[in-house]
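Peer 1: Annotated transmembrane segment per Swiss-Prot: 9-29, 40-60, 88-108, 125-145, 147-167, 185-205, 225-245, 283-303, 327-347, 396-416, 425-445, 610-630 (among others), in sequence order.
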Amino acid sequence: MEHTYQYAYIILFLPLPVTMSIGFGLLFVPTATKNIRRMWAFVSVLLLSMVMGFSVNLAIQQINGSFIYQYLCSWTINNDFSLEFGYLIDPLTSIMSLLISTVGIMVLMYSDNYMSHDQGYLRFFAYMSFFNTSMLGLVTSSNLIQIHIFWELVGMCSYLLIGFWFTRPIAASACQKAFVINRVGDFGLLLGILGFYWITGSLEFRDLFEIVNNLIHNNGVNFRFAILCACLLFLGAVAKSAQFPLHVWLPDAMEGPTPISALIHAATMVAAGIFLVARLRPLFIVIPYIMNLISLIGIITLLLGATLALAQGDIKRSLAYSTVSQLGYIMLALGIGSYRAALFHLITHAYSKALLFLGSGSIIHSMEPVVGYSPDKSQNMVLMGGLKKYVPVTRTTFLLGTLSLCGIPPLACFWSKDEILTDSWLYSPIFAIIAYFTAGLTAFYMFRVYLLTFDGCLRVHFQNYSSTKRSLFCSMSVSVWGREPLKIDNQNLPFLILKRNINNNKVFFFSFFSKGTYKNKIYNNVINRMQYFRTYFQNKYTYMYPHESENTVLFPLLVLVLFTLVVGLIGIPFDQGVIDFDILSKWLTNPFQKNLNHSVDWYEFLTNAIFSVSVSLFGLFIASIFYGSVYSSFQNLDLINFFVKRGPRRILLDQIKNVIYNWSYNRGYIDIFYTKGLTMSIRRLSKLIQFFDRYIIDGITNGIGVASFFIGEGIRYIGGGRISSYLFLYLSYVSIFLIFYQYFDF
């Protein structure tokens, strides 16, 4: 066991050779490096698998003994200052390293196929390996200065990966936005580190916690200054984990490749802020008001993220706001003191969200041959629908990930979210009500994403859909807020309609690849008969329907499904009696504080679970009403209009729906406020400063220079040695003297 801890530093350096090898290879032997480019994916997966094996070994030892190991090496030694670097192995380190390595392996395997067509394939894997290295260095850091170094490296990698397709202006703008917002948090983090070093004289975690605890209890430090430093530290976590009000960068980070989105949202970028708060929890507990601030930011973020996800049309952006909301749950749990539930939900959410993002990438790839390679089309859920027929494996995995995030048992997120909801009720009934309400919203918008993507039939060849109009072929329900009547895009329609007999309700179809005519009374059956046809229109082939992804893409999805099914079982919270299966109570313990007993009895667990699941099921039901194909069928039969007549209540309901839609679609007007209130103000100020600098400061300097030039030229001309010039100057002086003498009458 000692040898395992002594050589734990290799966790940090194992993924690094891939980045260095690709970099030197592209620099010195670019042709050979590009010829064997697919080999680098295998090497990346192999090295990260070694990290996973090492992390599993550490996790087993932590579960059995919770042994803490710290190694320090001094870099600078003098009487006043000592800078030490090392690594810390504790339960938090082991769980984070295992999470990073497992999700990272799945993302790398997925990326080999997903990015195979991209010219930046090698650059992508170099960035990914360095991203994993930076995150592993962050979670193994033994002091605050190391955390800050790797914190900056994580931010740099996210900047490079979000702007991976930097030739696209929107991607370049997104990575700049993420970089600038994280600069705000990083500046606060650095000031907080310097403040606590000034208070304690140490940057090591154990010394820092002990000294601050003693100073607080003995009134040996200014409370206001300590609170300020703690708030600055928390500001870094707010920016990195996309908490309100610095959350606006995360939805725009979707401009990067989809595997990057999965890694950022699951195990790296956003997990860094959660890790920092979890690591510094013993420090935050003893400082007044900080835990209240953390819980307040968490409750605001979880509600805000859920409301902003309600009306998004981009599948990746909807998942991004879902991440914001779920991170709010984790931050709330940390703020109310539920350390175990917070880390538990971090684990379950990571696997579920990685599954959803990789599934969305499979969906996007299947839609690209149909709608084109523009993200505005391939990621637009309005153009999807009915994909369950064409991508059945992706649909099944996406459904399981959706139900997990909705909190449906026995999937992973049910266990962790239910524990957070229960603990929040003990902390504050108001917070609990908001958390339960947001759980219902989560089920609503996540099932909305699923229904818009997989339910109904493919809408790519139709325009201006309406939830109140009937399609010629199937029932559609796209937006709860309503749109214009349905129009058929005749130019892109992949089949030809010869005749429609309304009286006997028959539709006749003709295929260019068939001599016969197909008849059917049921629209869905007609579509099933045509799903493999291809037609030739306007000198181009049009593939009618998407297709399932390749096995190298589906395999990571199936593995993540397995994690989603079983990872929640390690945290069974109720009392098991003689045999204790609660691995989390042994594993997810705070290394610097005594762990609490988290077991509950069966009755309490079932009571809380029934209520939380009922809320989630209600959200699923509402989503199926507004977006399901069954509801649209009722609308087509005018049953809804028969029971719900136009009146004051209906008008009020429409107004409420429009307000919610505008709030969600415009991102809560927060981006608009930042753009007009901050960005435009800064630009106007910069233009004013530029004018002042160019025309005032430079004008004075240049004016003095020009005046000096003309004076010098005049003196040089007069003093050139010509007698005529001297005589002219003399006569001028005499004339001026005589004029003054005559005028003033001296």
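Yeah, the Cβs are placed from backbone N, Cα and C, and that goes for glycine too.
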Peer 1: If you count Cβ pairs under 8 Å, which stretch among 9-29, 88-108, 283-303, 425-445, 610-630 touches the transmembrane segment (40-60) the most?
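Peer 2: The stretch I would name here is 88-108.
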Peer 1: Could you check whether the transmembrane segment (225-245) and the transmembrane segment (327-347) come into contact, where contact means at least 3 Cβ pairs under 8 Å with the two residues of each pair 6 or more apart in sequence?
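Peer 2: Checked: the transmembrane segment (225-245) vs the transmembrane segment (327-347), in contact.
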Peer 1: State the non-local partners of the transmembrane segment (125-145) in its own chain: residues 6+ outside its ends, Cβ under 8 Å from one of its Cβ atoms.
Peer 2: 8-9, 11-13, 15-16, 18-19, 22-23, 40-41, 44, 47-48, 51, 70-72, 83-89, 92-93, 96-97, 100-101, 104, 107-108, 111, 151, 153-154, 156-158, 160-161, 164, 193, 196-197, 203-205, 208, 259-260, 263, 267-268, 271-272, 275
Peer 1: Sort out the residues at least 6 away from either end of the transmembrane segment (283-303), same chain, that have Cβ-Cβ distances under 8 Å to it, and list them.
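Peer 2: The answer is 196, 208-209, 212-213, 216-217, 223, 226-227, 230-231, 233-234, 238, 242-244, 247, 277, 324-337, 427-428, 431, 434-435, 437-438, 593.
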Peer 1: Count the Cβ pairs between the transmembrane segment (327-347) and the transmembrane segment (610-630) that lie under 8 angstroms and are 6 or more residues apart in sequence, then report whether there are at least 3.
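Peer 2: The transmembrane segment (610-630) and the transmembrane segment (327-347): touching, no.
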Peer 1: Mind checking which residues reach the transmembrane segment (425-445)? Cβ under 8 Å, same chain, six or more beyond either end.
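Peer 2: Distal contacts: 295, 299, 302-303, 306-307, 309-310, 318, 321-322, 325-326, 328-329, 332, 336-337, 405-407, 417, 611-612, 615-620, 622-623.
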